[in-house]
Amino acid sequence: MKTETIAIHGGNNVTDALKPVIQPITLSTTFEHQDNSMLYGRLENPNRKSLEQVMAALEKGVDAAAFSSGNAAANAVFQALPAGAHVIAPDDMYHGLRSLLETVFFDKIHVDFVDMTQPEQVAAAIKPATHLLWIESPSNPLLKISAIKTLCHLAHENDVTVVCDNTFASPIFQQPLEEGADLVMHSNTKYIGGHSDVIGGVLITGKKTDFWNKIRSVQQLAGAVPSPFDTYFLTRSIKTLPYRMKAHAANASQIARFLSKHPLIEKVYYPGLETHPGHKTARAQMQGYGGMLSVVIKGNARDADRFVDELTYFSNATSLGGVESLIERRSRVQGVTEGVPEQLIRISAGLENTEDLLEDLEKGLKVLR
Ligand SMILES: *Cc1c(COP(=O)(O)O)cnc(C)c1O
């Protein structure tokens, strides 16, 4: 099966005698004892299993574990590490995960945050206690591109496990397991769900290892599992994921080109632009450049807020990956950090008509003149 076919037929396990075309939602928390039957809803559920199967197939993995959020999925990886483990993570790691490491795991895991666009910085950070290399590419919000194959090679030479947060690319545009990663993580809240109405997360593995078994135990015993409704919505959304991603990327690319020529825009971060420092790497490891971009306007935070508030089709809200365009001044959420000035605006290109979106941005920029 090829991608579009997997998205529609993968994991759609109909066992009902009525033969519905779409697998029903199974709400039952318990199942009658039989050989090989499911036992209890925290451990297993048919809709969760369907989501895990289709995500494993899309990422070319052998197994997947679904969680109640992206952070819960990442949390399971960190919980599965031995106490005292050393982790290398990107210096611009998704801020919610950086906070998780720094607040919950600070006394269990030692983390070095490095610039992953520079493999020699990763090589220099590897120590005997290093267990895990966490990659995020493209990164949030600077759309930095890490060379996944190079970093995996470096990690594996040192017996380090590699996890790649593939949320921004989606499995449609990037398959990190094929580049050598051991595990892939997604926030299902973003493109997988795609309609801004479900919180969820997933891990996919390329091999069934002891580490993977431990992660499965964290899922089933710690129990941060998604509901049957949530997993049903996610498998429903995945059916259109390949087509949504192409349309998100087409809109993002048009917006990036439009804004990069605009006199009131200082800088545009989009890996599809030839001027982006990670463009060549992105072209080699991605099949599309995604629907996310960031821009720095000429002006200060107040100007950025005035621009954002002037827009009609872009909602001023955090998150990404939904059918509706979203825009936010990023430092409202994560503060001013290195490389993220107060006037940096992050855009999630939705699926509205391209011309409507460009006209809206043009109108919004007029307040800055
Ligand atoms: C949103 C996001 C997460 C966290 O996912 P939640 O579903 O919000 O818990 C992790 N990584 C990236 C890149 C994200 O965008």
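Every residue gets a Cβ built from N, Cα and C, even glycine.
Taken from TrEMBL, the feature N6-(pyridoxal phosphate)lysine applies to Lys190. DSSP assigns Lys190 (N6-(pyridoxal phosphate)lysine) to coil in the three-state reduction, placing it in neither a helix nor a strand.
With a 10 A radius on its CB, Lys190 (N6-(pyridoxal phosphate)lysine) counts 23 other CB atoms from all the protein chains.
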